[in-house]
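Heads up, the thing below is written out as structure tokens.
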Amino acid sequence: MEGFFWKTLLVVGALAIGGTSSLPHKPLTYEEAVDLAVSIYNSKSGEDSLYRLLEAVPPPEWDPLSESNQELNFTIKETVCLVAEERSLEECDFQEDGAIMGCTGYYFFGESPPVLVLTCKPVGEEEEQKQEEGNEEEKEVEKEEKEEDEKDQPRRVKRFKKFFKKLKNSVKKRAKKFFKKPRVIGVSIPF
């Protein structure tokens, strides 16, 4: 009888071990993954205001049980709540003119613990910059034409001035783009 008990215990133990999940992480639905990413953005971005999910479209290939990399794409918007208040996001309304951020995140579930890399940048900022740059260029061209008409300078001097102004504008644009980097956050996720 004693041998039967140990054999039974061995079989039950083997089944229990084989029946447990071999995943190194807790399975996440797309909604849970996005909520976690928004929470991490709010805690690590250094912003004064909390951001809340505006839109998220789950990709058809999202697999909560996958051990491979998973991609997130979502949009968040600034709320009236401050980070220091530590309020629930459900209590926070969107700001009327709040900043809207387009975010892309990558979960690396193959790592132990899993890692999230999140990149968020303002939506529509590129279009606004192009419009501003176009307006500035037009104003400068008009200003240059007026200056050239007023002064009676040799043609060579005018060409050099025009060239250096274009060069100066180009450097300004590149400097603006360089210093307006999107926020990138990387964290490991303990499950």
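Yeah, the Cβs are placed from backbone N, Cα and C, and that goes for glycine too.
Swiss-Prot has this to say about the protein:
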- 125-151: compositional bias 'Acidic residues' (COMPBIAS)
- Cys81-Cys92: disulfide bond (DISULFID)
- Cys103-Cys120: disulfide bond (DISULFID)
- 125-154: region 'Disordered' (REGION)
- 1-22: signal peptide (SIGNAL)
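Location within the structure of each feature annotated in Swiss-Prot.
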residue : record         : Cβ within 10 Å
Cys81   : disulfide bond : 20
Cys92   : disulfide bond : 18
Cys103  : disulfide bond : 24
Cys120  : disulfide bond : 24
Pairwise CA distance, Cys81 (disulfide bond) versus Cys120 (disulfide bond), rounded so that it is a whole Å: 19
Cys103 (disulfide bond) to Cys92 (disulfide bond) - Cα separation in whole Å: 20
Cys103 (disulfide bond) - helix vs strand vs coil (DSSP): strand
Distance [Cα-Cα, Å, rounded] between Cys120 (disulfide bond) and Cys92 (disulfide bond): 20
Mapped DSSP class for Cys92 (disulfide bond), helix or strand or coil: coil
